[in-house]
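**Student:** Copying in the features that Swiss-Prot gives for the protein in this structure:
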BINDING   78-91, 285-297  NAD(+) binding site
BINDING   99, 109, 138, 227  substrate binding site
SITE      145  site 'Important for catalysis'
SITE      195  site 'Important for catalysis'
BINDING   227, 251, 255  Mg(2+) binding site
């Protein structure tokens, strides 16, 4: 009996619906050409949900996600909802509750410098020409963003604010296992990021990561202090395979990795739990300034579908096909405005059409 692949589709706000339309083109190719039993159902989330239902994450949307095997997420937020109380705004009202409800403890951000796009990188050509293929594995539900106590104190003599970095053993163990398991599917290198020369939580982090590493004899483990890591990523990003990071350090370094690729419109991401249920989304935001102009880059969303095939559905060959189609499209010189070095570029829908056609032709030849 063929397996069903149920996907909850949440286009959201801004450019979300536009790039999601291009994602549907890829899913239709997978259904028609590979006979995958992919079923999609669309739900409101973010600002559009606030306008319709008064909340960013309606019960119907949450139930739809529960009934699915994975979530394909567009983008949320925009100026229209910025004046709402912070807990009601699209990001805090939808994305954070989804992460919490499904226990999405790991965030995977993929950063690549694609062949032919080296000049887009802010790095010197002698560095960018060496390439970059970094998978940043960030712990997502612990650390200083969630530790207690936190707050502020006001007095006549001295005002202060404070946060607490707390990591439990099980939190470090599960994200370490995730990083090492992923490294086995790549180049078998893990670089763990900490500040173990100063922070107790980082000393604890390093101790546990070292212990977990003994279960993965094929994977080479190294450690870097976060300040040195930030420098090394700029000096020679090609040396890295998998970065294993705490919540705070991963938040910072994943954005640094994104910057060196030249465009955030190329960067997919995944947030996973221990059952391989995942939320897949482009790394960029809702870009309300270009909403409706048909100029957004859909590649990050399309590559997010590839990550879904790889990590939630374990369809590795399908994921490779999607990656190949995107690579081929870029090698042929097709560009959206954000990655074009001149005035020659194609729009959102054309980019989706071309990638879908190249994917279909590739499948036909197999």
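Keep in mind that glycine also has a Cβ here, set from the backbone N, Cα and C atoms.
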**Student:** Checking your reading of the structure: which of the binding-site residues 86, 99, 291, 295 lie inside a 10 Å Cα sphere centred on residue 255 (Mg(2+) binding site)?
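**Tutor:** Hits: none.
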**Student:** Within a 10 Å radius of its Cβ, which of these binding-site residues (78, 90) has the fewest neighbouring Cβ atoms?
**Tutor:** 78
**Student:** Which one of the binding-site residues (287, 295) has its C-beta surrounded by the most other C-beta atoms within 10 angstroms?
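**Tutor:** Sorting the candidates by Cβ neighbours within 10 Å, the top entry is 287.
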**Student:** What's the most sparsely packed of the binding-site residues 227, 251, 255, counting other C-beta atoms within 10 A?
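**Tutor:** Checked 227, 251, 255; of these binding-site residues, fewest Cβ neighbours within 10 Å: 227.
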**Student:** Starting from each candidate's C-beta and looking 10 angstroms out, tell me which of the recorded positions 138, 195, 291 has the most other C-beta atoms.
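**Tutor:** Its Cβ has the most other Cβ atoms within 10 Å: 138.
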**Student:** List the Cα distance (Å, whole number) between residue 287 (NAD(+) binding site) and residue 227 (substrate binding site).
**Tutor:** 30
**Student:** About how far apart, in whole Å, are the alpha carbons (Cα) of residue 82 (NAD(+) binding site) and residue 227 (substrate binding site)?
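**Tutor:** So the Cα of residue 227 (substrate binding site) lies 33 Å away from that of residue 82 (NAD(+) binding site).
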**Student:** Of the recorded positions 90, 195, 291, which one sits closest to residue 251 (Mg(2+) binding site) when you measure Cα to Cα?
**Tutor:** 195
**Student:** In sequence order, which same-chain residues at least six apart have a C-beta under 8 angstroms from residue 99 (substrate binding site)?
**Tutor:** 140, 141, 271, 279
